[in-house]
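To start, the structure under review is shown below, and the notes come after it.
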Amino acid sequence: MGTPVNITLGSHVWVEDLELAWISGEVIEIKGTNAKIFTANGKTVVASISSIYPKDTEAPPAGVDDMTKLAYLHEPGVLHNLDCRFALNEIYTYTGNILIAVNPFQRLPHLYSVHMMEQYKGAAFGELSPHLFAVADTSYRAMINEARSQSILVSGESGAGKTETTKMLMRYLAFMGGRSDTEGRSVEQQVLESNPVLEAFGNAKTVKNNNSSRFGKFVEIQFDKRGKISGAAIRTYLLERSRVCQVSDPERNYHCFYMLCAAPPEEAKKFKVGDPRTFHYLNQTNCYEVSNVDDAREYIETRNAMDIVGIGQEAQDAIFRVVAAILHLGNVNFIKGEEADSSKLRDDKSRYHLQTAAELLMCNEKMMEDSLCKRVIVTPDGNITKPLDPESAASNRDALAKTVYSRLFDWIVDKINSSIGQDPNAKSLIGVLDIYGFESFKINSFEQLCINLTNEKLQQHFNQHVFKMEQEEYTREEINWSYVEFVDNQDVLDLIEKKPGGIIALLDEACMFPKSTHETFAQKMYQTYKGHKRFSKPKLAQTAFTVNHYAGDVTYSAEQFLDKNKDYVVAEHQALLDASKCSFVANLFPPLPEDASKQSKFSSIGTRFKQQLQALMETLNTTEPHYIRCVKPNAVLKPGIFENDNVLNQLRCGGVLEAIRISCAGYPTKRAFDEFLDRFVMLATDVPEGTDEKSACASICDKMGLKGYQIGKTKIFLRAGQMAELDARRTEVLAGATKLIQRQIRTYLTRKEFLGQKKATIYMQKLWRAQLARKLYQNMRREAASICIQKNIRAHRARKNYTKLQASATVIQTGLWAMSARNKHRHRRRTKAAIIVQREWRRHQAHEAYKQHKKATLALQCLWRAKVARKELKNLRMAARETGALKEAKDKLEKRVEELTWRLELEKHQKADLEEAKAQEIARLQNNLTELQEKLDEAYAAIIREKEAAKLAIEQAPPIIKEVPVVDNTQLELLNSQNNELEVEVAKLKGKIEEFEAKCSALESDSKASLTEAEDAKSKAIQFQEIIERLQTNLSNLESENQVLRQQALAASTSVEETGELNSLKDKVAILESENESLRRQTASAEKTIPPARVFTSEKVQNLENEHQIKVIQATKEPRNPINVLAKQGSLTDRQQESHEVLMKCLTDERRFDNDRSVAAWIVYKALLQWRLFEAEKTNIFDRIVHKIRSSIEKSQDDTRELAYWLTTSSTLLYLLQSTLKFSNTNNGASRRNRLSHATLFGRLVQGTQSSSVGLETSSGYSGMVGISNDQQMVEAKYPALLFKQHLAAYVEKTYGMIRDKLKKEIDPLLNLCIHAPRPTRARTLRDVTKSIHLTTIAKQQASYVQWQNIVNKLEHTLTFMAENHVPSMITRKLFHQVFSYINVQLFNSLLLRRECCSVSNGEYLKMGLHELEKWCLKADDEAARSPWDELQHIRQAVMFLVSHQKTQKSLDEIAKEIFPVLSIPQVYRIGTMFWDDKYGTQGLSPEVINQMRKLMAEDSANMTYPSFLLDVDSSIPFSVEDVSQSFHGGNISLSDVDPPPLLRQRSDFHFLFQTLPE
């Protein structure tokens, strides 16, 4: 990698470390060729200068996205850059055109969303952040543009993420080349969904990976001439067959075995499997489960995937029968037989497993036993049966298991390929190679040799490609590169695969000899390659050998080489399985040729693998390669851990360091002239003025004494070590300048401090003298003031005492007089108020008692009816699911509600009668009481009269007569008895009154509770009415659809003759007629089934409804002939045609506006309304209007002014239709019943509970009325008008979308220029570099102002066109909201995907551009242009962060609340980690904040809520038809103040335009 030079004291370097591989440090002492270094971990080490490398102290903390941009391209620099990026979750890094992918061991779904694919679609390679989508897009674009096949080579060790990377690559290729119109499963879907099947049968858990691919896979995705996927094929290489029989701890066998054991019980019973611990092929290891993997669920998903790729249920059962048979076959054990060197089954358990295996494979049990325990040898004299010993029988068993599994895997691959289908006419292809990486274990066998041979081949291809890329760059820059050396690894390839003489050739030769063993094979290699520089023999080894690969030395054990290289099928096994009754098993072993079926024939796995590898390399050589190197950061498979030694070893094995070595052999440092001058401009102080950049760079290099550098057309190429030499000289110059600046600054600061102290001293003296004088003067003033204050205070106290005494006397007198008056007035008011209160209270008690009783009764009745209605509503909702039941459900609900309202009114009357009866009873009792009282008074009066008469008689009697007392006892007793009876009656009346008062109080309390229930019932009754209206709307829609089909059927028949098509249309119309008639009959029957007692409507209403039903039924029963209908609906008269033509001409030519209204739209609406075309069943004027609008829009797709006019016209016309038309179907029974519903009891109830019944009535027929008075005349429109309204709404949305997309298209290239600050021009002189910083800044501002001003001009032009054509403000506002949102999304996403944009200078550049947009928004007169500024909040906050200071001092809460209140944590994390200060050299966010955000994102990822940090573009239509109607202000519609054009003034058929239409 080059020898470092110019290591001086204070240099920052990289030194080797046993724990961290490389560690940074600072040189503190140099002695000869050694240097003492103080490392970052606080240790002091001594190392040779030749073994240390310089460190770039100016490298960004977040690393660089392309390692060719590193100032020092060496091993520690590459490792440190990957570590920095991995710590920030930046898992992808470029090395030229090579992508390095570090496995994060956690879910990062935001990196692979569809939106992320959209960002990389068509983007230049290296323009956005490194990503595998960029590699896939580059290969796809190269295939389309160059018409040449491409290949993407994914490599890495087990667990590095190759399989997932391959899946994502195929996802992107499917995204770019997928077909949207494919029926069923597309090719790309089948390729993606074949992965679970191949992983189940070809993947296993290893030490390094839980889902390691134990085979190589090359996926060919074929494309047609349009770039669409037309076919695919999957090629597999070297399945690890030995794993079927031999598994080492803690690994597992292939996944399919464990899936089958975890299958559902019925499946496990069918295949006779169970616990995996009971099978020999699975219990050789203690690992039976994989964390976070459910084998039972994986089994179900694998079966589903098999269905998708075209493997039927029978074939699936056969596949898993073979898998189960292999497991049982492994449990067959042998012992010595009766004869010498023979074997037999060990016990009954082995016999059972043999029987089960034979049963599952559907072959003969005896033949299977013989094929395992015996071997038939074919000789010229005949066949000889040779028994096998137990060890040979077990090997024979394992050979059968491996052969069956290998044939099964090959069949699955062939089935997937045949299901996917290959395109023989494909123009090109993209191949994705998922191959095993370089492997080196403690014990390496034949599989590792083949794997490493593959990687040697690919490394040679890789080296040639890298060397080719270097040569292309050298040629492009026109430099001399003939002396660049290239190290090839062809000698290693010859050592392994050369024929004859290679290791594989020797292995095939040894396998041909029966007496060969692994010892003889090893000795043969020792003798053959004794002097080979790439081959060596370990000490004390008997069968091991070491090969020096490009990635390091690997020691192989030759003990199993011979057995693993043999791939023959035993003739007995072939005959056994070929005779299977299962066609699937028999097809796995097709009959061999006559000569081959007699005995076992040898076949070399190594040779066959070499042939496959050669075919793969030929395919790769015909394609343009792209490389992805996957890296596993740690061996524990956990996120956030970066092990330097592990990664460094993978970089060596993956060839990345080899590519760096190739680059270092040439010119590892390549810098553009302006970048080189920006870094080393201080070394060119004596270069003459006017020298251009190229000459200045050459002068700097010559001045520094550099040799061997090259000057290209746009770059300077430096040899290894020259960059360090320039940096060392640059450091010296900067150090000298720093010392000079420090000396001058210290002098300036010291003198400034002295002068400041002197000035401060003089000033302090002046202030002190002034302070003394002021103090003396203040004392004199205080003395004079104290005398004056004492005098005034004494006077004030005397005056205050007198005033206080006078006021007290006045207050006491006033208070006494006022108190006396108030007492008198209070007494009079209380007396009067008591009388009033008593009177009102007695009246209120009686009145409230009556009201509460009445309300309670009503509430109770309403509550019960609401309960019954809810049950009925539930039944109606159940019945409403069927279209035919909608009508019946609506009518039942309507009748039920009428019944409830009738009951409510009835109970009201009953309550009123009850109250009246109670009042009459009370009056009667009061009359009786009055009569009794009168009788009592009369009795008392009679007694008094009798007493007076007696007294008078006594007085008038002569005095001589002796007074004799006379007592009339009879009359007295009679009077007493009558008095007692009256008292009893009075007591009874008082008791009844008290009882009645108690009942009234109880009824009053009940009435209060019932009142609330009545209010609830009232609201529910209103809800019932709304439900009825919705049901009516649904029924109206259904009948409208029937009317649509009827109209289509009528329009489709253009011939008078009744052809077959006409007959079919007749049938359809007849069916629709019968369906409508059945609906109406069901409605009529439902209405008739209601008992008469529950109907509470007047006879007049019933008669009207009955008459209407009869008319409807008679109308539906009339036969309709489509031919007759078409004949009746012939062409219009010439007069009508002429009027229509004039109207069409007015629509296109009349471009005036009257009070912000389109005159053409209002005239067209008036004409249609006057001609009553909205109520016509059939007319073509609507189609002509729609066609005219469509043709005009299509002709003016690039004319915003024209589109704005048609947007205003169509929206105005839509508003008029929306405001004055109510749409209904042919059958008006539903709407008529709705209008008459208010004549019923329920209608009156709802009318009483709501403020306006007219609003309810109109809302049932039309839900979008805005600004129309209740007395506005509504026109009931037919189906053509309904279709016309829908077309208008569609063209309003289409025109809006065309204007919006055109504006986006215009500003999109400008946004691409505005996202990054323009670089200063390259044709600049050295003087411009060193002395014209201010002029450069002004030039940047002027260049940026032009781009931003162009955007502002585009916005201003669009706003002007919209205003000139009086587009509704709501539509204009929505348009600019979406456009500003698009600007926000494009700028923000570009900022997050380009690290060079996340700088301080670029933030200032964007801030200036956003300021231009803000100024335009503020100065705009239209509110629609001022409001969208808030849509830019994401990019505004991001720019605020870029230009803000002291970022390291802010906490996460401050950042989230003050700087980024809108941005999500992943977005803040992305900006914070990509930020770099190119202006002041300050740091970004603190490491604590970065760690906190990483923890939060890890928690979100664990909760499966990890959001994407990119924003989505909103391309929807942000308004509805109702919004369009609301955008027209003005209240009621006025059609009489529009001035018609001269063309229509002259025509008598348009005189109605001068008439006043009803408002």
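The chain as shown is numbered from 1 upward.
Heads up, the Cβ atoms here are built off N, Cα and C, so glycines get one too.
According to TrEMBL, the protein has these features:
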type    : residues                                       : note
BINDING : G156, E157, S158, G159, A160, G161, K162, T163 : ATP binding site
COILED  : 876-1089                                       : coiled coil
DOMAIN  : 8-57                                           : domain 'Myosin N-terminal SH3-like'
DOMAIN  : 62-731                                         : domain 'Myosin motor'
DOMAIN  : 1183-1499                                      : domain 'Dilute'
REGION  : 613-635                                        : region 'Actin-binding'
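Positions of TrEMBL features highlighted on the structure.
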{"residue": "G156", "record": "ATP binding site", "CB count, 10 Å": "26"}
{"residue": "E157", "record": "ATP binding site", "CB count, 10 Å": "22"}
{"residue": "S158", "record": "ATP binding site", "CB count, 10 Å": "20"}
{"residue": "G159", "record": "ATP binding site", "CB count, 10 Å": "23"}
{"residue": "A160", "record": "ATP binding site", "CB count, 10 Å": "24"}
{"residue": "G161", "record": "ATP binding site", "CB count, 10 Å": "22"}
{"residue": "K162", "record": "ATP binding site", "CB count, 10 Å": "28"}
{"residue": "T163", "record": "ATP binding site", "CB count, 10 Å": "22"}
Which residues, same chain and not among G156, E157, S158, G159, A160, G161, K162, T163, have a CB within 8 angstroms of the centroid of the CB atoms at the recorded ATP site?
N103, N209, S212, G437, C630, K632
Which residue counts does DSSP give the domain 'Myosin N-terminal SH3-like' (8-57) for helix, strand and coil?
3 helix, 30 strand, 17 coil
The domain 'Myosin motor' (62-731): mean pLDDT?
85
The region 'Actin-binding' (613-635), counted residue by residue under DSSP: helix, strand, coil:
9 helix, 8 strand, 6 coil
